[in-house]
Amino acid sequence: MTRFQNGSRLLSYTFFRSKTTSPVSPTIALIQGNFQIQHSCHFSNLARATTKEEKEPWWKDSMERLRNIGISAHIDSGKTTLTERILYYTGRIHEIHEVRGRDGVGAKMDSMDLEREKGITIQSAATYCTWNGYQVNIIDTPGHVDFTIEVERALRVLDGAILVLCSVGGVQSQSITVDRQMRRYEVPRLAFINKLDRMGADPWKVLNQARSKLRHHSAAVQVPIGLEDDFQGLIDLVKMKAYYFHGSSGEKIVTEEIPVEMEALVTEKRRELIETVSEVDDKLADVFLADEPISTSDLEEAIRRATIAKKFVPVFMGSAFKNKGVQPLLDGVLSFLPCPPEVNNFALDQTKGEEKVVLSGTPDGPLVALAFKLEEGRFGQLTYLRIYEGVIRKGDFIVNVNTGKKIKVPRLVRMHSNEMEDIQEAHAGQIVAVFGVDCASGDTFTDGSVRYTMTSMNVPEPVMSLAIQPVSKDSGGQFSKALNRFQKEDPTFRVGLDPESAQTIISGMGELHLDIYVERIRREYKVDASVGKPRVNFRETITQRAEFDYLHKKQTGGQGQYGRVCGYIEPIPEGSMTKFEFDNMIVGQVIPSNFIPAIEKGFKEAANSGSLIGHPVENLRIALTDGAAHAVDSSELAFKLAAIYAFRQCYTAAKPVILEPVMLVELKVPTEFQGTVAGDINKRKGLIVGNDQDGDDSVITAHVPLNNMFGYSTALRSMTQGKGEFTMEYKEHSPVSQDVQMQLVNTYKASKAAE
């Protein structure tokens, strides 16, 4: 039983311990009765102290001393460097290595050889560390848009996040995407403005960009002492102290009074912080309006309340590379981000028609865990689980709610990048991994007493395809093993077979995404694969309604084939969630109801390849209004064929068009090259939608068809003397122009004729 009483900001829980919950060590006797949880996870004393053996619940301390955080940002903002420093200061690693592996070692969290060579993060990696007696689970995520699913699944299971922003680059395109993902999963966050030691660092410009571009209600909780080469330390606006970082790796923190020359700026920035938090926190607003002095603890608690309520984003500063500002950021994670019981997580009860259930987030309930990431390890499939409620033990039986299978947990581990540590049990709020459990990404596990599933993640559609085949015939087995594994691990990586050319087609989020997988097939499975030219995932759709009336009749001696279908096809209105709808509007039994599924199957099959260029047809509604059947000659096959031919018959009358993926491209180029770059975008049939000035650079935003973006990175380098950079992400599928449509159709017809 759970009671929420909002007015006094008090949560009062009553737990009844059942026989199914976990046993407790003999030293800890468990209470049965009421206890209260004060806001901010500070548990008050027990309302009823009876005998001496009765203590607070066994999990109380470990739950409030637990943080699950992710580190996300635009490419090259310093996520992995920051994680490396956090691991060093918390004692998890004993020396610092750089991201690109220049010292032959590489950052701890980039465990793949490919990651170390390219200096990018490809897979999100999990680790845990201890800071000031708190356990912090961290997931370091990729910045590149091609690996966006890694960010999605990390944010899906985290309680809080650090958004890293570059003090020179500011809020970039991928920062906006990551922030949108954080909003989607309602993750409270801190912002960390990194690279204050770099030339051109301007944290106040970045803070204003975060307010305008990300619509953050934010304020700085620190002020830097000096910038660029002169960056020395930080002033904490909450505690009103100056911090300097000494020692070879910034491990010695020296606390001093605020320098006299900075007092005016610090007073102004502290007032700005208090005003910003007061706008969203009533308790602080009362003190502020009454003009009473605001103590450190008042301000700290107000920032925590506003951050957890997702109404405020505290902004920290520093330079991870120069080892400055990381420890205060860790303190901020403990002070301002929520512990697991403070986050509302919902499950869907499958026994009650997917009714929403609030999970208590404590170990005192039935087990509910989500498999959010799969990896093929040396010992078989490694499944990452986030436990939302209950306890999981090695040797326990757990049930996969999505498949109904009962599985034993053979081995339970905690991850530290690619190293693992065996554990016997784990409870709510923790992130662990299990071996030898066959499941898919997004499956929910319970102890069998409830049938809850967690809501799934948002999986974007792939936009690019490649034909791929192994060079040698002998390696076919390893090749298909690799493709099966990658499909399981990554929901945005799809594998299909081209029915015409019988080639294997892989699809993904972009050129880099597919390149990495081709490279991994070569390295991890020792299979050399030849790759065809990248192909864009076009779609077809119709623009107007068209009627069909088709009779399929075949007499061959013995039972013939007979099926007639009548109705119409029409486009689905824009913004609809479904891409294909089938509506049976037949009144009576002119077609026996057992043939209707075969008709739907026929239309679906026909829509898999449109007659313009053979790509799938989308945004299509088919209405079946009439038909005829024969007592003897009608069969499922006859009606399926009738549907296929009826679709082909009326498709041209519905004025079909080809849709192509359009990308949102953001370019940052020196102003002197602005004209050349803009001209080139127009040549690529792009539409420029924004042009901002950022110092000496121009930031151009454009919508460009993906088909015209192949090899763009090389072209941009040569146009800008290597100074331009760009990022792109999928925006939408939209109709191609008439001349492009003619060209695509003619190419398709020519290739068909050649066969």
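Each residue, glycine too, has its Cβ placed from N, Cα and C.
Unlike curated records, TrEMBL annotations are generated automatically.
Annotation source TrEMBL lists domain 'Tr-type G' at 64-342. The average pLDDT the prediction assigns to the domain 'Tr-type G' (64-342) is 83.
Marked as GTP binding site by TrEMBL: 73-80, 140-144, 194-197. Its own atom aside, the Cβ of D76 (GTP binding site) has 19 Cβ atoms within 10 angstroms in the protein chains shown.
Among the listed binding-site residues, namely A73, L196, the Cβ with the most fellow Cβ atoms inside 10 Å is that of A73.
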